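Sharing a structure, written as structure tokens. Questions coming.
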Amino acid sequence: MRVAIYPGSFDPITEGHLDIIKRASKVFDEVIVSVLVNPDKKGLFSIEERVKLIEKVTEDIDNVKAESFEGLLVDYMKEKDAKVIIKGLRVVSDFEYELQMAHMNKKLDSSIETVFMMTNAKYSYLSSSSIKQVVMFGGCIEGLVPNKIIKDIINKIGKVR
């Protein structure tokens, strides 16, 4: 069974993330969307909320599940018997950073491969940070995040403001 891990903060998940998930689900037997627990980074959504949002937007994709993890990605991958890391690339600067991470992960575990997937051009400008800013200033996020979670995001940002 070919298990792939799609790690990230997903704070919140965007249409760009979902596009990568859908495409990866056609290539791998199982895709685990893994929310990284980073104690140094305070997100808008809690880790549990992010996992629930991912579950909500991927509920119709049978071979996708969402989890959280803490620690080294390579250790988590061993636990899940996964050999592939999926990374979405929007721009060249994403590649430069992700290439360094891929080399580090390969150094830590030579059996791990990183698969880079180009983001659909229509999502190349999207980031979770930009979504939060648009909502904070009263803008519309339709088409930027999955429709199923628009209200969740607006409600959360409304409470934080």
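Placed from the backbone N, Cα and C atoms, the Cβ positions cover glycine too.
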Using only what Swiss-Prot says about substrate binding by SER9, LEU73, LYS87, identify which of LYS41, LYS122, LYS132, LYS148 is listed for that site too.
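For the substrate site that includes SER9, LEU73, LYS87, Swiss-Prot also lists LYS41.
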Which of the three DSSP states, helix, strand or coil, fits SER128 (ATP binding site)?
helix
Taking DSSP three-state, what's GLU98 (ATP binding site) in: helix, strand or coil?
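The residue in question, GLU98 (ATP binding site), is helix (DSSP, three-state).
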How far is it from LEU73 (substrate binding site) to GLU98 (ATP binding site), counting Cα to Cα, in Å?
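With the alpha carbons as reference points, the distance is 13 Å.
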Just checking: which of GLU98, SER124, LEU126, SER128 have a Cα that is within 10 Å of the Cα of LYS87 (substrate binding site), counting only these binding-site residues?
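Among GLU98, SER124, LEU126, SER128, the ones whose Cα sits within 10 Å of that of LYS87 (substrate binding site) are GLU98.
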Quick check on the binding-site residues: of SER124, SER128, whose CB has the lowest count of neighbouring CB atoms inside 10 Å?
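Sparsest of the binding-site residues SER124, SER128 by Cβ contacts within 10 Å: SER124.
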